Amino acid sequence: MSDYEYMSGFGSFFSSEDKRCPNSLPIGQNSPQICPYGLYAEQLSGTAFTAPRKENLRSWLYRIRPSVMHEPFLPFAGKTGLCTDLNTRPPNPNQMRWKPFDIPLNDRINFVEGLHTVCGSDDIHCNNGIAIHVYLCTISMEKTAFYNSDGDFLIVPQKGVLEITTEFGKLKVKPNEICVIPQGIRYSVNITEPSRGYILEVYNNHFQLPDLGPIGANGLANPRDFKTPVAWFEDNEKEFQIISKYQGQLFTATQSHSPFDVVAWHGNYVPYKYDLSNFMVINSVSFDHCDPSIFTVLTCPSLRAGTAVADFVIFPPRWAVQEHTFRPPYYHRNCMTEFMGLILGKYEAKEGGFLPGGATLHSKMTPHGPDYNCFEKATSAKLVPERVAEDTQAFMFETSLNLKTTRWAEETCQKLDREYFTCWKGLKKNFNPHSS
Ligand SMILES: O=C(O)Cc1cc(O)ccc1O
Ligand SMILES: [Fe+2]
């Protein structure tokens, strides 16, 4: 039997017991005087106790020992490329593009040590903002579990499969799948090859499915395609390091047992994964280019209706059929900040220079759009039905916030492509006042 078993649904109230301990979930109440099998009951709250019912997120865990049994936290002395305090960084409005970030093949670096912040907003201390990281790792996490006190991680593997053991059970996440590990949930990442991927971290709120409006009840990412693991536990007395990211800094605490000792759980605050190939693409079948919000997989809303803290948007394989239309993305300036990555293949607006494992950043109101080659090709193309972006997957983290880039992103990683601006240089003046 596979190690990986899931329950389907988004925002559902799940219940799960490890099969080795039937009836381990208390019936009819959360906190009996004595729990089945002598387990401890522990609540994990993902929203304020008093959050409105439709937003309220919490789970009850039934575990061998409560999470509180650990030595005091100390500052983490290991390697890390995390930088979520961006106050001292200068703003930079330029179009930016990075060549694929290098995986440190000659070093032994695990998922947590391999986290590098590319850009983020300033205000981690006020639960306001986002950070965008990449992970570049070569080994599995051994006897170590990580949790993020600051917000949720939306993880986008680009190279290598992630085998993630969480307090709620096990997830296997391949490139072209994504997962969300909400704030506070402990997990450990196993890899089977040198691995790379992108992470969107949000501090304000949790991810939701976008409203569908006139699209109706079905489409885009459908709730039943989200997968949450079934309960799984280990019972051992091995020493574990628990690493916490708290206010942007890493801390570590030792404990004398595995944190993956949850025998049963129930609730709606859970980790989940989603296969991007399940996305039902909706687009124009007449003319013109729709805004990329039609490709939103998940959104982290702000208090301002329709303006996200951050959206996760994909550019999946699809048919392009629009008539008398410049089909690629339009030239534009946006009041939102756009960070893009490429999981596989090519991105239609820029077939050269933007490669899998690389990235681009177009900040608020910074102009961008198709490069010279794309413009020339699209303005002379015969507009027959065409597959766009076959075997490809680009994505965008779009945020209403201002981002600053880290020193690692601009200098240390040596991947910033200083020639990026030249991809638009060849665009010709085609203006002819005598043609109409
Ligand atoms: O800039 C980009 O490439 C992303 C993008 C794609 C698109 O189809 C329309 C607008 C937009 O910002
Ligand atoms: Fe854009």
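Just so you know, glycine gets a Cβ as well, placed from its N, Cα and C.
Please treat TrEMBL annotations as automatic predictions, because they have not gone through curation.
Record features (TrEMBL):
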- HIS289: active site, proton acceptor (ACT_SITE)
- HIS332, GLU338, HIS368: Fe cation binding site (BINDING)
- TYR347, HIS368: homogentisate binding site (BINDING)
- 5-276: domain 'Homogentisate 1,2-dioxygenase N-terminal' (DOMAIN)
- 277-431: domain 'Homogentisate 1,2-dioxygenase C-terminal' (DOMAIN)
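Overlay of TrEMBL annotations on the structure.
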residue : record                       : CB count, 10 Å
HIS289  : active site, proton acceptor : 15
HIS332  : Fe cation binding site       : 12
GLU338  : Fe cation binding site       : 21
TYR347  : homogentisate binding site   : 24
HIS368  : Fe cation binding site       : 22
Checklist outcome for this item: Simplified DSSP label at HIS289 (active site, proton acceptor) comes out coil
Checklist outcome for this item: CB < 6 Å to ligand 2, subset of recorded positions HIS289, GLU338, TYR347, seq order -> GLU338
Next on the checklist: List the residues in the vicinity of the Fe cation site, defined as same-chain residues other than HIS332, GLU338, HIS368 with C-beta within 8 angstroms of the site's C-beta centre.
Outcome noted: PRO329, ARG333, ASN334, HIS362, THR366, PRO367, GLY369
Next on the checklist: Please report the three-state DSSP label of GLU338 (Fe cation binding site).
Outcome noted: strand
Item to check | Alpha-carbon spacing, HIS332 (Fe cation binding site) to the residue listed as 'active site, proton acceptor', which is rounded to whole Å | outcome: 12
Checklist outcome for this item: CA pair HIS368 (Fe cation binding site) / TYR347 (homogentisate binding site), Å rounded to integer, equals 14
